[in-house]
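Per Swiss-Prot, the features are:
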type	residues	note
BINDING	62-66, 121-124, 181-188	GTP binding site
REGION	253-274	region 'Disordered'
COMPBIAS	259-274	compositional bias 'Polar residues'
DOMAIN	377-627	domain 'VWFA'
Amino acid sequence: MEFPTKYVYITSNLDKPKEWFTQSEMSLTTTTDTIQKSFVNNSGSSSSSKGFGEAVLLDILDTAGQEEYSAMRDQYVRTGDCFMIVFSIDSRSSFEEVSQLKQHIERVKDRDDVPIIIVGNKVDLESRRQVSRIEADQLARSLRVPYIETSAKTRSNIEEAFFTLVRHTPRNTVYKVVVMGGGGVGKSAIIIQFIQNHFVEEYDPTIEDSYRKQVTISGLPPIGGSLNKKSSSSSSSSSSSSGKTGLFNKIFSGKDKQPSPQQAASPSTIDRTGQISTNRLEANVLSYSMSNLSKEVPLITGDCVYCQGCNVILSRFSNLVKTGDDSFTWKCEFCKYSNSNILLEQGEIPNKDSVEYVLSSPSTSSTTDGSKREESIIIYCIDVSGSMGITTEVPSLQSEWVNAKKGVKGASSGPSYISRLECVQSSIPTMIDRLSIQYPNKRVVLVTFSDEVMIYTQSNSVDGPIVIAGDKLEDFDQLIEIGRSMTYDKLPTASGSSDFLKAKIKSLEPVQSTALGPALLVSAAIASQKMLSEVVICTDGVPNVGLGAIEDLPLGPAQEFYEKVTKLAQNNKTTINIIGISGSHIDLGVIGKVSEQTNGNITIIHPLELAREIRKLTQNPMIATDVEMSICLHPTLEINKYDSKQGLSRVVKQFPNVNSLTDLTLLYSSRNRPTEFVQIYPFQIQIKYTKLDGVRCLRVVSAQLQATPDFNTSTSNANISILAMAFTQQAAKIAQQQEYMESRLHLKAATKLIRSLCNTDEQWEEFYNFEVLREEMEAPLITCIKNKQQRVEKAATDDEIQVFYKMKNVHKSFVEGGRKKDISRRKGEAEINKQYYNIKFT
């Protein structure tokens, strides 16, 4: 359990202080307006500043992999300010890519003066050197860019590489740095060493990430100055294209116009100009990461002791009064009920904030965590309707890179196209190869759907697939029966059916309609045979055949059908993931709830990103099932109405399964008329869950915070990442209630509060991360507000729904400063990395 500060802000004011915004700030004609035209310049308050240099923020993209398409990389390359091209001194092939990469960058940017530095990495492997220092220097001089040699392992020249690049870049307060290079050259290692002073031998090359770090660099010209006449001109062009007049400068410009955090936060100095208001936000936020369930905590013998008055559990903060040899009285810190004659031995008294009780042992047939994951089932449920034959233009960035690799110079030969189904056909075989290495015994099933549903397994390779058509598509019970007839022992393993499945996928062709509902039900029935199984649906259209059909039909029957499918999946701990194709419509407002309520992922992506998205699903496995979480606050506090019914101090949340990226937050406040004054506020979270080995446990997490009526005290030294995550999730919850204007106001107020609290480098980094998320929500919210005003039938389309879903489930890695990021998830395995590097993308 985490809190942004050490305090609970208590106020008895019936009228909460307001934040005011002008009509201009709330304009629906732009998505780049922020709360104030001028933001604080943090260069004077950098915690890393030692009296020299300028504080700047580096926004660094780690371009995972090689040529695989990524919308994130596309955006960064187009809007990047400067580029680091990395090769490995023990790999001549990676060195030979340097010139191609530089040409590629210049063609995309349409400039020949892009700030670039060449980095020769792995100088700790001098004995294996294939590229001499002289040869690399000569190439750098011929390309008119600086060259530096580094070792991510020993941290040699790591900072200097980034600082040199920034010094060669037109002056700004935020720099988008793009790190590029061939596979295995150490791009990730360089970035992590720079951010966290840490080295990991093997990184998973498929995980793309961005990092923010505020640093102090000497030798920078003043803002508005230029390196030379030519770069000054290019700087103007770059700033315009990257949106610097929007988000970035607005965060960090206006040096002397912003009051101190204490002044900004004080109720007496709140700006009351404006026509639109919302309640001022507070730092009364609670957060809990489900990743903690995979961490060991002290095991308490015996049964837990419940308060007879409110069902809170005895904790280390409870005041036990000894009344006999092993007898105690406990006056509950929550409800003040006096619990008497409590019999406890010393080992039964909790002595840590987090403790655990075993509720039941696993059955003798239970297996280990790893084997349960490996023995589970994954069903790829693929849309092969006619619309999957629609072609999409390959983004010019991707085409440019392919041409660069081929050594093609000059103008592109013209746009190239790829169908949605072809993207699927190139994505899933790669994933099957990966599963064959990671989980060779995992069962893999291919289900396709058009106007009929087909089930492919190796056992039916002779007779052909099982075909479901006609009236069967309307029969719920028969569809379940067909799915469960595919018994577990008949299902092929990833390693044993790799060639068969890849051949079938390659032979798929688009035909006719979209029987998504029946295909989903059959897939869920197959998956129900093993806990921790998952279904991956890839579709581009609204269901229009069989059960669950939506197109041109009443929604009631379809909603009822998908609710039944959801219950089936929940009962069997199955996760359902939905991947939609951008530019299509699948009605996530109805279908998406199946994924949301089974803790799956909902994603709308470019067809070329299918491989990346499908792979990501296996990189975040479940860690617990049957989770019931009770959050208990003191009776004088109440939970925000979007997290519980109005006015409650306790809320219970249930999850069929959770993973390590499930981070929960809630907002709370003091009641308008508190019944008592409390100096120390207790908090407790009770989590009943089942481990992957079958053990049923109860984890009790307790905490205490000091009360304060002073707003400034309550926000001092705030953990910005917790506030950012909580406010982002809250805005998404509000938007999902179709209160789009209130959601936008909430984000505006959050920006105002968080910005006023920033002092340290880490706080500024995390504020920047929050602003990136806020900007991502801004356009969808404006679209929904306009649609609602115009009385459009569906104010939120699939694109907006997907953004709100993503933001509701945003986790710490999105908002934490670079130094706090958990890089353990970046560790890779040599065999898997080799398999990925051998893939050739087109």
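Sequential numbering from 1, following the chain as shown.
Each Cβ is built from the backbone N, Cα and C atoms, and glycine gets one as well.
The 10 Å shell around the Cβ of LYS122 (GTP binding site) contains 25 further Cβ atoms across the protein chains shown. Computed over the domain 'VWFA' (377-627), the whole-number mean pLDDT of the model equals 86. Cβ neighbour count for LYS187 (GTP binding site): 27 (other Cβ atoms within 10 Å of its Cβ, all protein chains included). In this structure, the binding-site residues under consideration are GLY181, GLY184, and the one with the smallest number of other Cβ atoms within 10 Å of its Cβ is GLY184. For ASP62 (GTP binding site), the number of other Cβ atoms no farther than 10 Å from its own Cβ, over all displayed protein chains, is 24.
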